[in-house]
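Right, one structure below, let's go through it.
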Number of protein chains: 2
Amino acid sequence: MDGIQPTPDASELPVLDISTLSTFKFERVLSEMIWPATETLIKKYTAQERVMVRETEEAFKRIVVPYIESFDANKLDWLYAIIQGKKEVERVLYRDEDTNEGFLIVPDLKWDQTSMNALYLTVIVKTDTIRCLRDLTTAHLPMLRNVRAKVFETVQAKFGVAKNKLRLFVHYHPSYYHFHVHVVHIYHEALAGMMAGQAHLLDDLISLLELSPSPPEKSILARMTLTYALGVEHPLYACFLKAGEEFV
Amino acid sequence: MDGIQPTPDASELPVLDISTLSTFKFERVLSEMIWPATETLIKKYTAQERVMVRETEEAFKRIVVPYIESFDANKLDWLYAIIQGKKEVERVLYRDEDTNEGFLIVPDLKWDQTSMNALYLTVIVKTDTIRCLRDLTTAHLPMLRNVRAKVFETVQAKFGVAKNKLRLFVHYHPSYYHFHVHVVHIYHEALAGMMAGQAHLLDDLISLLELSPSPPEKSILARMTLTYALGVEHPLYACFLKAGEEFV
């Protein structure tokens, strides 16, 4: 734990109550204090052993799906409150209300909205039927292309940043299993979350879906083996270990 | 140029004559001096404007192939000298002599061979028929799987590093158009060259080929749109601009 202690009962707090108390820059040093800190947050920010994992289609079905389904459905209430317009209404930059193909564009809490090179937005789709990139099919192509187009328009209009300065990507694994897209300025300092394996460019996903057969046949994204670095304290890694030697 | 000046006539020097004169570490600061510095090297290390480019199959054919073919064939003499065992023989860690599926594993010059977290090797295939990842087909699967297996064995035997600590990836675009694979410890600091779009995990390439039809049908890697950040001073970007608005 390296001297970091969790706030008592912090695990009971909903995610949106977590406050970034202080962020200050000193030349090239950026410091951030997060309070209260949950066990999950401490694990995220503590250096831990990592290993490369190769997740086959079979491993997704046998290990990852039960892992995703084990989450308490209420855990995403904070997200649905944003989607339904009950919270953070004033922060939303763009909103497409279509039930099946709609989405919201929201600035990430990490971004101060003034340094354009650090621009960081999140696109949250309205449908709750896409847990992660493995669930994407050719049927989602119009929505994904529309997300790309509206991000480009919105960022140009609101922040004057051209579309060829933006990197749009999806995390695998994501921090929550409701499909969302990260939008980051290409001059943003390299983050671990943008590394090959952790980040999948939205353009790559669109291209692979365009080359995929339509449902009921499985897409390339459903069938391919996905390889990524995983912290050994990540609860998913315990599931891999439990599943047996052929998976790790 | 920010005060960096090229060595006169440095562009005439073969790449292998470039010497790293001094590398020193001071706590977390690593400094490297390269002499003599060619114009190409200065451009590589100077911060320059970058843009995202979407390279379709059509753009590869119309823009990238002529760009690759414009290179002087002698430019890779230094590489063929290594492959043919005329140079750097003592540095080669593993050598498979098969004409079609053979390859060499060599430590990268950037790595001091003592800090395991900074482990950096390069695998160079013997065949000169694969310019870049777009040329890979299902016929290359046995070689690619063998590269992966032999890297794992060699690194375990020579350096005691386990296979699940290694990230194997291919650059797009690469710095030279003869197929090679980068092998880097997962604890290596995040480098720009490991970002999604610039780096493609060898495991992902293998998986996409496994899902591809065999020649003469085109592979997914040949057909997909590849998206990446490109420096505006990179000569390839000039080719994109020249090809017209529909490509940039």
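Placed from the backbone N, Cα and C atoms, the Cβ positions cover glycine too.
According to TrEMBL, the protein carries these features:
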ACT_SITE  B:HIS180  active site, nucleophile
BINDING   B:TRP78, B:GLU88, B:ASP108, B:LYS110, B:171-182  substrate binding site
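Secondary structure at B:HIS171 (substrate binding site), as computed by DSSP, is strand.
Across the fold, the C-alpha of B:TRP78 (substrate binding site) and the C-alpha of the residue listed as 'active site, nucleophile' stand 14 Å from each other. Note: B:TYR177 (substrate binding site) has non-local neighbours B:ILE68, B:PHE71, B:ARG131, B:CYS132, i.e. same-chain residues 6+ apart with C-beta under 8 A of its own C-beta.
Taking a C-beta cut-off of under 8 angstroms and a sequence separation of 6 or more, B:VAL181 (substrate binding site) has the following same-chain neighbours: B:THR122, B:VAL123, B:VAL147, B:VAL151, B:LEU168, B:PHE169, B:VAL170, B:LEU202. The Cβ of B:HIS173 (substrate binding site) lies under 8 Å from the Cβ of B:VAL64, B:CYS132, B:TYR228, B:LEU230, B:LEU236, each of which sits 6+ residues away along the same chain. In sequence order, B:TYR120, B:LEU121, B:THR122, B:HIS182 constitute the residues six or more apart from B:ASP108 (substrate binding site) in its chain with CB-CB distances below 8 Å. Rounded to a whole number, the distance between the Cα atoms of B:HIS180 (active site, nucleophile) and B:HIS171 (substrate binding site) is 9 Å.
Cβ neighbour count within 10 Å across all protein chains ranks B:PHE179 highest among the binding-site residues B:TRP78, B:PHE179.
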